[in-house]
Amino acid sequence: LLLRWRRRRALWRKVAEAQERQERSLVRMEAAVQRFREQHPSVSAASILSLPLPELSKKLRDGSLPPDHVFYAYVGKALQLATETNCITEYLQESENQVRKAKLMEKKGLLYGVPVSIKDSIDCQGHDSTLGFIKNLNKPAAEDSVVVQVLKRQGAIPFVKTNVPQSLISYDCKNLIFGQTRNPLLFTRTPGGSSGGEGALVGGGGSILGIGTDVGGSLRFPAAFCGICAIKPTGKRLSKRGIMSGVVGQKAVAAAVGPLAKDVESLALCLQALLSEDMFSLDSTVPPLPFNEEVYSSTKPLRIGYYETDFFTMPSPAMRRAVRQTKELLEEAGHTLVPFELTNVDHVIFNYCVRGMFADGGSSFVKKFKGEIEKGGTGMFFWLAKAPQWLKTLLSWTSKPFVRSISFYLSQQLWDSTSTPLTTSTFPPQDFCHQFIAQWKKLNLDVMLCPMLGPAFGIGYPAKLSVAVSYTMLYNALDFPAGVVPVTLVTDEDEEQLKGYKGYYRDWWDRTLAKAFRGSVGMPVAVQCVALPWQEELCLRFMKEVETL
């Protein structure tokens, strides 16, 4: 007991030191901004912050806006957001030197002088990538991840790292080290996760471009919840070298790295910069596919599949309305909309996604928590991985009348790595992917319009509603590029219709989901735009069309 007490005390000391470093980061940011304002009192931060990324980058490249003016405008706004939402974990002070050097650069890349925020799990040399784990503190990265290296070669200035949920396997944004991040639009709501710090910072205007990761919706949840845009590319379109994973080794559910921004044009500019010879030479496992401007700029009418529900997670009234209104606007603009029927989503989520991610019975996931003080928002996954099989079987039967989805979790031996080997016959995500593409091709579709979970839940609800990832995780399992675009706000009528929300299972999970949706009038709701693998430019072109309409 004494040894355990001493060990816990040492862990709490590490947490306190990390929190002090975070506080010192904010003090440094404040001092830097104050110095700049005293030296340049006439600079209008508000006019700089109002510029969209394409216009800002153009002004930076042609010299009409100095890089330091832009940098300190965003540091000041980021500091405000950090105070309000707790989204920043660390200020990258070396970024001030990069700004000074930027003035001397002869070759100006597409993102010259643009301040960029970076998710905690993406390595920046000399800084921790914690994933919310105490064991990862005081272990600074030896070098920048490939994505950060390419950003710097394109002239961008990474200036802060942002908060994540512990282990990344959550769409909330809380960990024991840095605490809870709040939604900038409504502080009682979650910003989403796991790129939640990015969602809050970009959504609140404290960063013009953020870089995050997505293994089940981790880019798309924060974007949708905070009213901004994001794209999850095909898993291998951008390099993942130097990026920490929530579940090491799993390949069933494709992880991806991608950008978040206020508008689609900014996402396109970011991908155009990243999909360069710099990336292809730094990581030879990335296919050398440069950004296809012709596809992105096309005005050809699209043939668009759509669905309003996946028949697993019942959409909120606002989600359903968002898809319907977008469909009508697209039809009026001359596009062809074709109904697409989803089947067996429950089977896909449990057997391909959950079972695929935790194919070893969750043992590697559990190991990550060894020596940690708490288990964050992943308590149910953690418990399922550790509980004996006889107990899970018993609970499967007893919980069936009350929580059918939990019963399924328990009954299918998803958490028993010894029950059935994961061979091609028992675990065929490729077969499912080919079937899905066959249905897509049969309907001769270009892209797909889908619901996106929303509006933002109250803080704490994502931990109770892990199954609600069905709309996003499907496209990680398929490894299709998928982006989100905000299209509407929750209305009083949506709120009234929510009173009749029952869900498809009418169990505890559905009742909790109804509560999570409530009280959201005025909050943003997005739709998801999807394309076939390697067609990010077409996906962005479709997103741009939705945004414009």
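Cβ coordinates come from backbone N, Cα and C, glycine included.
For 73-540, the entry in TrEMBL reads domain 'Amidase'. Per-residue pLDDT, averaged over the domain 'Amidase' (73-540), rounds to 91.
Annotation source TrEMBL lists active site, charge relay system at Lys119 (among others). Neighbour count (other Cβ atoms within 10 Å of the Cβ, all protein chains): 28 for Lys119 (active site, charge relay system).
Annotation comment: TrEMBL describes Leu168, Ser194, Val215, Gly216, Gly217, Ser218 as substrate binding site.
Residues annotated as active site, charge relay system in TrEMBL: Ser194 (among others). Close to Ser194 (substrate binding site) in the fold, though at least 6 residues off in sequence, lie Lys119, Ser121, Val164, Pro165, Leu168, Ile169, Ser170, Tyr171, Cys173, Gly212, Thr213, Val215, Ser218, Gly246, each with a CB less than 8 Å from its CB.
The active site, acyl-ester intermediate annotation in TrEMBL covers Ser218.
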Return the residues near Gly216 (substrate binding site), defined as same-chain residues 6+ apart in sequence whose C-beta is under 8 angstroms from its C-beta, sorted by sequence, else 'none'.
Ile169, Tyr171, Val253, Cys353, Val469, Thr472, Met473, Asn476
How many other Cβ atoms sit within 10 Å of the Cβ of Gly217 (substrate binding site)?
31
Other CB atoms, at most 10 A from the CB of Val215 (substrate binding site)
25
Give me the count of other Cβ atoms within 10 A of the Cβ belonging to Leu168 (substrate binding site).
28
Excluding Leu168, Ser194, Val215, Gly216, Gly217, Ser218 themselves, the substrate site's Cβ centre has within 8 Å the residues Ile169, Ser170, Tyr171, Gly193, Ser195, Thr213, Asp214, Leu219, Phe221, Gly246, Ala255
Checking the spread of the substrate site as listed (Leu168, Ser194, Val215, Gly216, Gly217, Ser218): what is the longest Cα-Cα distance, in whole Å?
11
